[in-house]
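Colleague: Quick one: the structure is below, questions incoming.
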Ligand SMILES: Nc1ncnc2c1ncn2[C@@H]1O[C@H](COP(=O)(O)OP(=O)(O)OP(=O)(O)O)[C@@H](O)[C@H]1O
Ligand SMILES: Nc1ncnc2c1ncn2[C@@H]1O[C@H](COP(=O)(O)OP(=O)(O)OP(=O)(O)O)[C@@H](O)[C@H]1O
Ligand SMILES: [Mg+2]
Ligand SMILES: [Mg+2]
């Protein structure tokens, strides 16, 4: 039993019910800011942040609420980007179907990964997902349709539902925002659903959940597939935004990056991954024009987070807020 | 009772363990509030008290495996507070933790021989097998595959091997069948006869009464009473109130 | 006539990853050297060089390029090794009408199917490296080839181009083996190559893969046994990394070598003083491309991309990098390439004395005929 | 023992045997638990009680033999599934969900029969209907003042109580308790024993326990195991007089638990 | 001449031999990883980076101190081991009480830093490292040319592997280490200086990586990226062997080297994937790995 409780302590408690109101309020304010943002900030940058934020949120669903660290989420993100890019560019599908295809393929991939990996926990799970995603990487590299290191380029953004011309930056932006909000809402709902409750229980004490009659593997599998699908949706969206799909997004370094985003923002908090993604993307684009070696800086942040800052930014903030309830 | 145990030169009467005004903390929480007690060479002393009274914490404080400690713990005159953790057992103190601490990645034999011998005069493996026949022939079984009671026996046995002169036993009878409890009682008396000094935490004071010289009663992190065993009957009512029976 | 009165050139490349040695900071230095030759001023406007690290990620390259164009007032983007990144930038510069001076990327699509009126592929391309080497070696009498190919689009196309060339000349391919990207141990493949009886083992891979393959070929005594090793995409930085002991005898094609004439030696010395290494062809190419671009701006007296691009095509390229170079309709800059053989340690007279130039490959045979490139700009 | 009418037997083991690499921990055990009784399993250490218990709750697979629950063969059924059939176990070490509140702990068990446990699109508020029942259960184990505390904050004895409440939430027909009193202080033992007695009123309980006085007080039938085999079976008064049992288990008396 | 699936037997022997050589690298690296995992419960993501550091230390010694291969073979592992001890003392040791995942994340960060720093300092193309004079040349085995250096690598790494296995499985040391992983406080209470022991173990584990780095230097380029991809394969090896199993790591390392060698002959495109495929299959059949114990 000590092993079970060990492997769960990574995940932190979500906000208590008492703070749900506050969360709603914060969400509304953030949404307003997001709507106004493209008039102040560079839309492509914002879209990138949103894509990664959704990716990180999807990842967080797994680590933060099911206690499973996947070190292979890049496979879903990057794999789905290829799918969208391919069906939209080569088969001429409409963008909404491109995204749907990405989500479905990622879900399928998630199911396969899940069936293999879900039987182990903790680091075992992390290593297995890592190895499996590495397999996807080699496939992406070697299959002809991905065009090797060139990637799939010049993906047309197309017209959403035949109505919205996505080549307009603002239209694209609001589409991405809508996708993000929908994805985020789904995660929120999941976390606060009957399913989410069982998930938390499993994270807390798996043998006990079994003895209560829950087939825990299935719950974990559903969570995994859900997380993979949303990661896929994020990847597909990114392919549309940048009009390309490339190997970068399937490398294991990308899996590491999403861990960093989540860790930095705060695992197991709803907004943490969003903040983390925003910070990491900003940092990367800032570092691009300096002479600092990017990996070293990222590595240092990792180390600092793990050593002294485990709750992440949002987690720290929540912990400092006066505790209410009880 | 096992034979062949070397007789120690028992100088009953000198102070073996002296604890004075011991305070102990787990992180922020202050759990020991000035424990003071004394154990003389060759004595068997029990710590009684309700759940959470601080019995285990006192033992952990002696072993140095507790966050912060203040006050004084002297073993044969040597101050233990401030001493490196791994040096304390080497002075000749053996500890049997309440959760038994059998290692699942080790076989029974490996568990048995794990603690280094710190003094001469410890029991040999055959003597241990005589004392706890359940352990015989199970040497290659994975430690935690033993039944709960067998694990308890193993936990005690491995300390007897080390030759430690002061043995701290935390709830040695928990989860044991009455016959085995009796057997442990016999073993404790035998150890005492050989000059070992024993401190034990017990919930089961009927058992404690059969082996101990004195009883310290703890409540909320300090010692509230000391009852010599021969006065136990007379103090039964008091004890019942302490223990909430 | 120059927008915001500054000519801003963005050097966008890999500054920390696998292309950092062949491009990286050296490319930025080369661009600055070019600007300095104009006193950092053309057509009355100041010339400014900005740099960024695309970290080998196409999306970072794309967003940086967009940001530069949209908010940074950048008129031209230079270098961009890594063809995924370059293709992404090509799309943006085409849409936003900015000059793109490619020295780093080798994908032929950049002056082929994905060509742009504003995109100029300057230094080399995979066709030139592959077909050029194939032809040159054939002419040296090496007719039987075996390929060790990195198993992805890039490696396959190198193999394909070389094969086409060798076959068209009458040579034969005796075998090939595909290895995954990032293979550390090549002994197994080399053994197969050794057993094949080929004259040349063509390494259709790049970077670390090529370096490891060459190194292990030396270990297994392949070159000593009479077979030639040809690196289909190798840079002087790779040879430097290998050391002559391992690299000796290797054949490769290059667009530039520092020790060709006084001009190259002179420029390379200046470069080395700043960077601490001799320039690679990519870095020298950045210098040449930026210089030509500035010349065109000076001549056109504007930074308007259409006019500058027209001027660039009109003016001959004439500098220490390219003699009598000219730009074809597809954006390919035609200049002579060279077949080089790596010297033995005994032949080498000192640091960076690495190549024997075996043969000059004339510009028109070195590069693909623009008509066959698939570029829509070629009528 | 006389063969009882069949529908009276809710849980039955036939010739149950478990071997561990040549070591026979449980040998040909035939055990019948009658509906509505409290059945205790005692025996010296290493007798095989926990192993029998784990076999019955499917956390181990028998080497040979058969387990019948309400006449159905459940020898190969998965642990989660037997819980669904109404056979629920507790753990020797307290098993709560430490970071959920007491209420949520109980609710997790209550929500299972709703059949919405996979519904990730449904609101948590769909579970609020269960609060009434949860409060009742919490009340039943005297945890009402703690209802909104996280389980980790509870003292040991309360955790055991919570565990029992959670188990009861499933409304099991048979409860299997593994040393439910181990490690408890005197003050908690009595309370918990009373609680077991209370909840056993309309269900069947099978427990492993060393605390003889509690066993004597609670159980209708006692099975004594020794070296993997059944040594004796019957009510306490009978079993405790059995000389073999005295020799193997109770000893000469006097030092047993209070 | 008869042949096997179109491959003459001589060639096959050659390839198997090469596979064994590669396998011995995998074995050495996964052994270090398994020691660290088995004893500390830390997945040492920095293992690949420390392997690289080992190779670099050898190169630096040669270039700046004139210390040759044989000296480096001793000095580099010691340097890497000391570096490991410092990392363990200052960082890893704070994480043991937490979830094991934090160890993985910390070492992931460390790997990024180490690789990034070397990349920044020395570029990515790598540095040449010559084969020591005594081991140059090779033997013609008839079916293949076996460079002396490769033969040496096999002998050296197998010796180290089995020596380590013996020391850990057959001596008291292993029991201490395993016990300390489970319950360090208690082992400490038996009078064993656990923190020092743990530091030394980590130091030893990474010293093995450093040693592998020195052995690799003359074959592969001494490059900051040399450990990056290798480490993932080694992870897979350790998972297949059963995490924490010392013997499992050694045997699986060798076995997969052979398997990979065969794949390179029959279906080279898949030679990088084959390890992962095997992993997936093994996990489906035996979730704890071939030699692993279910925990
Ligand atoms: N690791 C810990 N961290 C924080 N508090 C602790 C820790 N261990 C024990 N405590 C607290 O210290 C107090 C004394 O506990 P201790 O274990 O010494 O009691 P005890 O008398 O041995 O009780 P028991 O009979 O249950 O074993 C209790 O209030 C307990 O909750
Ligand atoms: N997985 C296993 N491998 C080997 N032996 C085992 C295993 N599990 C149990 N045993 C052995 O089977 C016997 C019965 O063990 P069990 O745990 O059932 O005893 P128990 O009656 O519960 O004893 P206790 O009262 O001490 O808990 C013991 O001798 C034990 O060592
Ligand atoms: Mg205690
Ligand atoms: Mg038991």
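Using the three backbone atoms N, Cα and C, a Cβ is placed for every residue, glycine included.
In case it's useful when we look at the structure, here is the feature table from TrEMBL:
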type: TRANSMEM; residues: A:20-42; note: transmembrane segment
type: TRANSMEM; residues: A:49-77; note: transmembrane segment
type: TRANSMEM; residues: A:97-116; note: transmembrane segment
type: TRANSMEM; residues: A:123-141; note: transmembrane segment
type: TRANSMEM; residues: A:172-191; note: transmembrane segment
type: TRANSMEM; residues: A:221-246; note: transmembrane segment
type: TRANSMEM; residues: A:258-280; note: transmembrane segment
type: TRANSMEM; residues: A:292-313; note: transmembrane segment
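Please go over these features one by one and say how buried each is and what sits next to it.
Modeller: Sequence-distant contacts of the transmembrane segment (A:20-42), counting only residues of its own chain at least 6 positions beyond either end whose CB sits under 8 Å from a CB of the stretch, comprise 50, 169-170, 173-174, 177, 181, 270-271, 274.
For the transmembrane segment (A:49-77), the list of distant contacts is 7-8, 10-12, 14, 34, 106, 109-110, 113, 117, 121-123, 125-127, 129-134, 136-137, 176-177, 179-180, 183-184, 187, 190-191, 196, 199-200, 202-203, 219-220, 223-224, 226-235, 237-238, 241, 249-256, 258-259, 261-262, 265, 267-270, 272-274, 276-278, 280-282: same-chain residues at least six beyond its ends, Cβ to Cβ under 8 Å.
Taking Cβ pairs closer than 8 Å, the transmembrane segment (A:97-116) reaches residues 70, 72, 75-77, 79-81, 83-85, 87-88, 128-129, 132-133, 136, 158, 179, 220-221, 224-233, 235-237, 239-240 in its own chain, all 6 or more past its ends.
If one looks beyond the transmembrane segment (A:123-141) by at least 6 residues along the same chain, the residues whose Cβ comes under 8 Å of a Cβ in the stretch are 68-75, 78-79, 82, 109, 113, 116-117, 148-149, 247, 250-252, 255.
Packing against the transmembrane segment (A:172-191) from elsewhere in the chain are residues 14, 31, 34-35, 38, 43, 46-47, 50-51, 53-54, 57-58, 60-61, 65, 99, 157, 160, 164, 166, 223, 226, 230, 233-234, 237, 240-241, 270, 274: each is 6 or more residues past its ends and has a CB under 8 Å from a CB in it.
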Colleague: At a C-beta cut-off of under 8 Å, are there same-chain residues at least 6 beyond the transmembrane segment (A:221-246) that contact it? List them, or none.
Modeller: 44, 47-48, 50-52, 54-55, 57-59, 61-62, 65-66, 68, 70, 73, 76-86, 88, 95, 98-99, 101-107, 109-111, 113-115, 117-118, 146, 149, 151-158, 166, 172, 176, 179, 183, 186-187, 190, 195, 199
Colleague: Hey, which bits of the same chain come close to the transmembrane segment (A:258-280), Cβ under 8 Å, at least six residues off its ends?
Modeller: 10-15, 23, 26, 30, 49, 52-53, 55-57, 59-60, 63-65, 69, 71, 73-74, 77, 184, 187-188, 191, 298, 301-302, 305-306, 310-316, 318
